[in-house]
Amino acid sequence: MTVLARSSSVALGRLPRPGTVLAGGFVALVVLAAVAPGLLTSDTPTQIDLTNALAPPSWEHPFGTDEAGRDLLTRVIHGTGLSLGIGLGATGVSMALAIVLGAAAALAGGVVDTLITRLLEVTFAFPSLLAALLIVAVFGPSVTTSIVAVGVGSMPGYARMVRGQVLAVKESGYIEAAHALGHRPWRVFRQHLLPNAMRPLVAVVTLGVGQSIVWASSLAFLGLGVPPPSPEWGALLDAGRGYITTSWWLAIMPGLVIVLFAVAVTSLGRTLQQRLEGAAR
Amino acid sequence: MSTAAPAPAARLRRIAGKLLSAVLVLLVAASITFFVQLLLPGDRATVILNIRNGRDQQWPAEEIAAINHQFGFDRPLIVQYLDYLAGLLRGDLGTSYTEFRPVTAVIGAQLLPTVVLTVGALVVAWLIAVTVTLLTVRRGRILGGIGAAFEAFTASLPHYWVGMLLLVAFAVQIPIFPVIGGDTPAGTVLPVLTLAVPLSGFLGQVLREEFHKVLDQPFITTARTRGMSDAAVRLRHALRHAVLPGITLSGWALGALVSGSVIAESIYGRPGIGQVLVTAVNNRDVPTVAGIVLVVAAVYIVANVLVDLAYTLVDPRLRIS
Amino acid sequence: MTAGTTGIAAPAPATEIPAPLVRVEGLRIRFGAREVVRGVSFTVEPGRCLAIVGESGSGKSVTARTLVGLTGHGAEVTAERIEFAGHDLQRLGERAWRSIRGREIGYVLQDALVSLDQLRRVGDEVAEPLRVHKRGTRAERAAAAVELLAAVGVPEPQVRARQRPYELSGGLRQRALIASAIALDPPLLIADEPTTALDVSVQAQVLDLLAEAKERGRALIMISHDLSVVARMADHVAVMRQGEIVEQGPAEQVLHRPQHPYTRALLDAVPSEHTRGQRLVRPAAGQPVVRRERAPIDRSRPVLDARGLTKVYTGPDEVVRTVVDDVSFQLYPGETLGIVGESGSGKTTTARMALALLEPTAGEVLLHGEPWTALTRAQRRSRRRRIGVVYQDPLSSFDPRWSVGRLLVDALSTGPRPPASAEEARARTVRLLDQVGLSPERFDAAPLRLSGGERQRVAIARALAPEPEVIVCDEPVSALDVSIQAQVLDLLTDLQDELGVSYLFISHDLGVIHHMSDRILVMKDGRVVEQGDADEVFERPQHPYTQQLLTALPRLAAA
């Protein structure tokens, strides 16, 4: 038994798997498109060509063209920055809230913990998209609303995770060992608790960006996100879904990019998670 | 250690405790939806008049006063709050800003199709997940890898994309199912699949991980040393252990399914609270949105109490503690 | 006792040594490039017990599993001969194997808590071999399960059959597991560490049960790391090391006149009353056996003084449990006080209160005659360095991001003479490493990459770093193989002689406790039932519980 376990862990080398390389490559491409779209396409996203409207995917237009003959791939590339920004912003909002609530609950314990845990339990009853929709209903659709709505909507899950993580570290043997050596509480917090509790969150944040983009594009798909003339990914979906029975590529292709990005980011996050766990145990 | 069967009184107390905390959770949820309505920027009466008339302007004081009186905005906040809670007890979720009728009436008939959709999707997702896992887990590197990849991929698919893809494939290109199916049985197939496919991937991942753990347990080896076949070991011993975390997650999954049903209903033009919700958000009809969110929260809370009870049926260990 | 509920007539007990039931010759097992079993041969006859003894990684369990065709995934098995009752087991198909498992060969794994399906009723688990091999109707099988449970001495078998494994005590669970293995009364029983993780009193009952099967003429193969358990049961002993049998023969000969140096070292390493005052690791050939010169212990002023320690917990079910009840003891400079007890006796809770990591409900602990547990946390902080701790699982007490060196430098900084410079810190850490028998290269190592014994050495070095007067050792060797355990115990003894540190030594293992302790505290259900000089307690136990423990203790006769 032990022999088996040992040999298989040795076989698991440190070389990244081909899937990880592929995922990393795609994410790098997306980041490049966000920072410098001009490097990937020379066209402008607003170039109208009515003679070539609603053309299906071809070599010239890999994603096809829209009703005004604009090249869809170019639009997707130019929409990347805003989409990624919304994803990062929403993840930032949810992680910030989650860390404050989760860490406070785990560190304070007692009544504070009970209150926060109860509150989180309540927020769990509001499905992410519905909570986001409630916020959009109150404040009206916009980029900021999307960020806040998606961030708040996905906060409870992260908060619970942060609380569990901090609690696990707080009750770990090495924290007790540090106390038993007579270290000051602040030093134990700074040297052991904080870094060990926050480390797994790196992977969680990676996973979160993918999820945030999916939720934000879902809002847009319903016509409640960034409004259409924008080439933001969700807005492209919203604009394209009206043509779904006739020109399927208009919604399917931007959707495919979101799917690939979500899959790539998820796979990177999971790899990171395994690495971190492997290093910790 | 060796205790007799758990006292029924303890079990009743546990269930009572669960119900009580569910009621509390519901109360806080209701309070949240009430106070969120207050966040509406600007004077609410003005907003309502603007929404109803599709304009953006100042309104004469008497019209504002009439609206304030109609919705009770002229009363103290605490009275409005208590009135709202009292209304909830009578089954009154407030009045729609746009449709001039109670929110319950707006939601009413739309609830059933959504319940059919979500529950159907949950059942189908479990069927897919259990089948894929049972057939591929620990069946060699290739088969196991395919199963795991399938789950990882489907789990990251957004509902709208699955929905549109199924629509294009099985309603437009190969017209087996209607594009707009309403709530007919044939029209229900694609929406159910839209929700079930991503969820099956998610459940499958959990199931697979648990299966891996369980198959390494000594009691599985014990069963094999009794001469049990691999299939029997999987079905009789491993499966029951492996579904436990999935059951807990099913309660959570209901929430995700409701989110997804908003999208599926929108794609397939299927009646349901999702449709009402999108219209209401577009019109900024906050009482209707809040009412729906609260109803969903209530359903979610009740469903989780049920899941909790289902869990104790599968895992008798919990009946003791 | 009969377990003949299944319709198989038991063969007449053998009068003389019969033909072997199992014959294994030249068995080799490899997983990929790793050969884990290298040419192993043995035989087992009906009515006799073969014990395969070895430390972890010796290949003993894989060997046993091969006999039921469950060697493991990706295993490559070759042998000149693997015969069972005259049949060649080597090219059996899966179906043929299944007809042998449970019917011809019964298998008992360790700790029934994980070896029985927790979600199924005990009766169903016990009767499962009958169902698998299509014996009887459902009702007949249920009746057979109750009979089997009664046969292995489970009280109220009807009630137990309807319960789940976790509702039974450890001993009853293990009996149920054995009942399941003998349900079809197979001619061969294989028991893989059948008593590991059981308390001594339960262990004795389980061994008796296996001995009964042997009396009925069943062949028995027992896999164990514990030589004293084996001494009680085996007719024939095979000692395995790194995939090879280094020595085998009649039990009496192997255990009392061992030929191979490894067997001798293994036997020497077992701590017991006979090893007191001597090293467990045999000195190299030619070196004399040095007996430990013990300086007389000054019992005028205790370094640690526990007075009426009590800990009460209120569970979520509002049941009040007294985990530790009025425990008092004194620990003197340079002395080892052993606390022994079975699981749940309150040993660890007592230790945590002595360390002031857990607030006592009543009573207090004095350190050097001054208040200790009664102080505030902030007041205690500056005195913490005077009392160190070594846990059973050292790895979980190390920050996973830190190297060995960083752990030790950190501990040095809490001592009375914190290092003034990085160079001094490094030099003193290397000296500490040397003191616990680790090379200076270990400075940069990650604890995760160290072996169990090395990790425990690092834990000891960390405890020593702040120059404490007392070290609380909570089951410090329970997770280690016997030869590594011997090294760590020798190290602790040497350090005590060198530094005069006192140990509060906690263990469930009576042999370890007797070997290490000057005085002993026997705990049961949170109370101290007996306390006194180690030899005194072991030779003339006063309390019935201590007497019962010592009777149940399997031991090797004096070597």
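Using the three backbone atoms N, Cα and C, a Cβ is placed for every residue, glycine included.
According to TrEMBL, the features are:
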{"type": "DOMAIN", "residues": "B:111-311", "note": "domain 'ABC transmembrane type-1'"}
{"type": "TRANSMEM", "residues": "B:19-40", "note": "transmembrane segment"}
{"type": "TRANSMEM", "residues": "B:111-137", "note": "transmembrane segment"}
{"type": "TRANSMEM", "residues": "B:158-180", "note": "transmembrane segment"}
{"type": "TRANSMEM", "residues": "B:186-207", "note": "transmembrane segment"}
{"type": "TRANSMEM", "residues": "B:242-268", "note": "transmembrane segment"}
{"type": "TRANSMEM", "residues": "B:288-314", "note": "transmembrane segment"}
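Contact count against the transmembrane segment (B:186-207) (Cβ pairs under 8 Å) is highest for B:111-137, out of B:19-40, B:111-137, B:158-180, B:242-268, B:288-314. Within the same chain, residues 143-144, 146-148, 150-151, 183, 188, 191-197, 199-201, 203-204, 207-208, 211-212, 215, 234-235, 239, 242-243, 246, 250, 253-254, 257-258, 260-261, 264-265, 270-274, 295, 299 sit at least 6 positions outside the transmembrane segment (B:111-137) and bring their C-beta atoms closer than 8 Å to a C-beta of that stretch.
Stretch with the largest number of CB pairs closer than 8 A to the transmembrane segment (B:158-180), among B:19-40, B:242-268, B:288-314: B:242-268. Outside the transmembrane segment (B:19-40) by six or more residues, the chain places 47, 77, 81, 84-85, 88, 284, 286-287, 290-291, 293-294, 297-298, 301-302, 304-305 with a CB less than 8 A from a CB of the stretch.
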